[in-house]
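Here the structure is laid out as structure tokens; the discussion comes afterwards.
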RNA sequence: GGCCCGUUCGUCUAGGGGUUAGGACGUUAGAUUUUCAUUCUAGAAACAGGGGUUCGAUUCCCCUACGGGCUACCA
């Protein structure tokens, strides 16, 4: 049925806050599938719940997708043939379809207020609005036509609920899980149109997916229980032939304990859960994002792409282009996956190692500017980057790993040098400093050979002099190869640092 | 409680009726780096349990257990 159809998928986030891992992955799988089949990837905004709608969230979502390299073919901001894509802007058509369902006998007006239903739930622990009790509640099925008309014309608030059939089985083939079945006797009469005139998600997705000619639906597993409602709606609206194929993605779970990964877990365990920084306008709280933490979008996408999917080989590193080429729904796993931040870091490390120094430059310059370093040339920065790149897990580690290239050591690890310091060593470095001054070309290999030869002649041990030399230049026992540092620092700076350090060592 | 989905090393997973059950992250030990990190090599580490079916089940079926999701006029 859908094999002939043009592939058209949509990502449908609700603009209620930041975009978390699960959301981005759902978007990604939709995107990969669309690209793989030369189809369309559409962004549709679910904003009918006005009480939870958050200003700025829609723009935020668009930016997240762009950062990850996913450009929607049509979005709410670029109205296309199937727009508008905001649920709230499509209000009239939802009501029309809800009423169409009532006329066909597949739905009904329900006059019970939220408070009344809450009261029912208080007394009946397993209360469900369903075929078992709908005749005991206040709705157009239990009331006479005249009573219903009276309530309606009196302006009594009402909702429209689906009339789920009795003794039927709703089943469908999930692209990931195979055949899934539900007994309609256990499905309740969900609200389709709320008292405020807005549709619930159930009505809205079906109507919109039909209007947008969606061919495949990839959504989180948390939607599986409401799938029978959606399928019934496709049938009752007379659109069964146009129904999309379904695939329910496994959930991303907390790393420790159990349950769905939430924003709070990130705060608690010290890693981001949102793609980018999210600042809540009301509470003024800032939730850290992967982008700001120093993740490369390629690494982020790679990590998400293989969380619950693999290509069957031992390959782990994939570019988004490779993911598009190799993705297959059949290879998406069924079980939920616990999020592992250590592995996420590893992906980032790998992508930084593989990144060109040029591509890393803008972010590094920003970091340097934050530290007040503005006089370094691009060429200089790139050379340093080349030296320290493979040591970085995050781009933001750059300063910690390379500050000494741009700044003289603020302090020295004196405990490592002072106890064993001697006049002899002072003399050695003084002499070395004079010798260095005589060099016309300044290159690591020759300097290293010269330095080591001098040590040999002095009769002292290598370690006794190499270590202090490093500390003179960088302040401590860390950093790349000493002579690589020497070369990058340049003659004048090396000599100056030696002199400065000698004073500190002998003070 | 009810319904639905799931279950291979600590974690993400490959595999699939007969395998030394493979890889990656993490971890441990060595090597290299006269620093730290990287890197390299090696090691420890898993088929939830019970019944079937079968010559043979980790693989297929059933049950149990466990985990997760849903059970709103939220999505």
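Backbone N, Cα and C define each Cβ position, glycine as well.
Nobody curates TrEMBL annotations by hand; they come from automatic prediction.
Note that this is a predicted model, so its numbers are computed, not measured.
Cβ contacts within 10 Å of residue A:263 (ATP binding site), excluding its own Cβ and spanning all protein chains shown: 15. Residues or ranges marked as ATP binding site by TrEMBL: A:263.
Sequence annotations record features per position, and here TrEMBL assigns domain 'Glutamyl/glutaminyl-tRNA synthetase class Ib catalytic' to A:6-346.
Confidence annotation: the domain 'Aminoacyl-tRNA synthetase class I anticodon-binding' (A:363-501) carries a mean pLDDT of 93 in the model. The domain 'Aminoacyl-tRNA synthetase class I anticodon-binding' annotation in TrEMBL covers A:363-501.
The DSSP breakdown of the motif ''HIGH' region' (A:13-23), given as helix, strand and coil counts, is 3 helix, 1 strand, 7 coil. TrEMBL lists A:13-23 with the feature motif ''HIGH' region'.
Under the heading motif ''KMSKS' region', TrEMBL lists A:260-264. Across the range of the motif ''KMSKS' region' (A:260-264), the DSSP-based residue counts are 2 helix, 1 strand, 2 coil.
Look at the domain 'Aminoacyl-tRNA synthetase class I anticodon-binding' (A:363-501): DSSP puts its residues at 103 helix, 0 strand, 36 coil.
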